[in-house]
Amino acid sequence: MILLFARLVHVLFYSPLLTAIGAALMAMDGLALVHSRTALLDLFLAFFVLLAVYLWQRERHWWASISIGLAMGTKWSAIYFLAILALVCLYRIFTSYSGKELVKPTVKKILQYGLLPIFVYVSTWTGWFISNRGWDRQWSTNALASWWHYHAEMLSFHTGLTEKHSYQANPWSWMIMGRPTSFFYDSPQGCGSKECAQEVLAIGTPFLWWIGTVAVLVAFGFWFRSLLLKKTDAALNLIVIGISAGYLPWFFFQKRTVFTFYAIVFEPFMLLAIVYCAKLILDSHLKSGVSQAIVATVIVVIFLNFIYFLPLFLGDVITYDAWFKRMWLSSWI
């Protein structure tokens, strides 16, 4: 996933330095590290979404639609990315063509971002269709009827999931890591102290995400500015697409039980916002030495912050005091 993100940064900026910065930032994110060591679906969702966006940016739309179909086969929330990518494609067509010229590209995009993703999504259910032991497979003698009933049950469950959970977190708190999810906690022995702690905490590297929150706001500001000036910037467009599709929809489910680790799906676009801001600083009127020092300092601070929290990402056994010192906010406990 780091390599894929680096490729996207390279395609957008064609800068070895910015590409290296982007790859380093993703490598130093605790949330990505924790996900890479667990079997949750969210990291696979993030991968297929990032792959789809990368292919979409390269205008390899058939492959992008296959990837987004695989993403939907992983988690339904990928449908927001499909919707936005399809709408942007249609907008570009309707602003570039008119009359009879609209027909061919419109039909092509309907096939690419309408029928093909659905076909791929259904294909991900092949194992369920050919088995007699799948959940709800025998609900009806008609396999399609059973499949549809299963989907209705899943939709009802996910839209009605409002049970309280000790680690549930409102989307407002995700980017600032207000309430990270504890995947594991134990009080073992062997740390050289009377009290030991061992935890796997799904939290993004704090300084990285706090800086990223500011960077996203800056990127959105520049994006609105580009609209007023009638200019286009591919990097800004992708940042807005990624945050809008991966983050904003969750605000419409205020009563639903949701968790901070869902943020992994839009993490690459937050990192892209940081890279964009780094470019702004490096291209500013500041002396090259000053601008480079600012960017380097930020990266070093993030790296040191990552190392400091590494025991919580890896589930290392540390003293209770060392663990408690890393609980910067009471909501992290």
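Glycine too: its Cβ is placed from the backbone N, Cα and C atoms.
Unlike curated entries, TrEMBL annotations are predicted automatically.
Note on the domain 'ArnT-like N-terminal' (4-122): its mean pLDDT in the predicted model is 96. TrEMBL lists 4-122 with the feature domain 'ArnT-like N-terminal'.
For the transmembrane segment (12-32), same-chain residues at least 6 beyond its ends with a Cβ under 8 Å from one of its own Cβ atoms are 1-3, 5-6, 43, 57, 201-205, 208-209, 234-235, 238, 261, 263-264, 267-268, 271-272, 274-275, 278-279, 282, 295, 299, 302-303, 306, 309-310, 312-313. For 12-32 (among others), the entry in TrEMBL reads transmembrane segment.
For 39-57 (among others), the entry in TrEMBL reads transmembrane segment.
The feature transmembrane segment is assigned by TrEMBL to 77-98 (among others). Remote same-chain residues near the transmembrane segment (77-98) are listed as 45, 48-49, 52-53, 56, 61, 64, 68, 71, 105-106, 109, 112-114, 117, 237, 241, 244-246, 249, 262, 265 (criterion: CB distance under 8 Å, separation of at least six residues from the stretch ends).
According to TrEMBL, the feature transmembrane segment maps to 110-130 (among others).
Summarising the annotation, TrEMBL assigns domain 'Protein O-mannosyl-transferase C-terminal four TM' to 144-332.
Positions annotated as transmembrane segment by TrEMBL: 207-228 (among others).
For 235-253 (among others), the entry in TrEMBL reads transmembrane segment.
According to TrEMBL, the transmembrane segment annotation covers 259-282 (among others). Distant neighbours of the transmembrane segment (259-282): 1, 5, 8-9, 12-13, 15, 17-18, 21-22, 25-26, 29, 31-32, 34-35, 40, 42-43, 45-46, 49-50, 77, 165, 167-169, 173-175, 177-181, 202-204, 208-209, 211-213, 215-216, 218-219, 222, 235-236, 238-239, 241-243, 245-247, 250, 288, 291-292, 294-295, 298; these residues of the same chain sit at least 6 beyond its ends, with a Cβ under 8 Å from one of its Cβ atoms.
According to TrEMBL, the transmembrane segment annotation covers 294-314 (among others). Listed by sequence, the residues of this chain that lie at least six past the ends of the transmembrane segment (294-314) yet keep a Cβ under 8 A from its Cβ atoms are 21, 24-25, 28-30, 33-34, 37, 199-201, 203, 205-208, 211, 278, 281-282, 286, 322-323, 326.
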> Taking a Cβ cut-off under 8 Å, which residues six or more beyond the ends of the transmembrane segment (39-57) line up next to it in the same chain?
Replying inline: 1, 4-5, 7-8, 11-12, 32, 63-65, 67-68, 70-71, 74-75, 77-78, 81, 85, 234, 238, 241-242, 246, 261-262, 264-265, 267-268
> Which bits of the chain, at least 6 residues beyond where the transmembrane segment (235-253) starts or stops, bring a Cβ under 8 A of a Cβ in it?
Replying inline: 8, 12-13, 49, 53, 57, 77, 80-81, 83-85, 88, 171-172, 174-175, 216, 219-220, 222-223, 226, 262-263, 265-266, 268-270, 272-273, 275-276
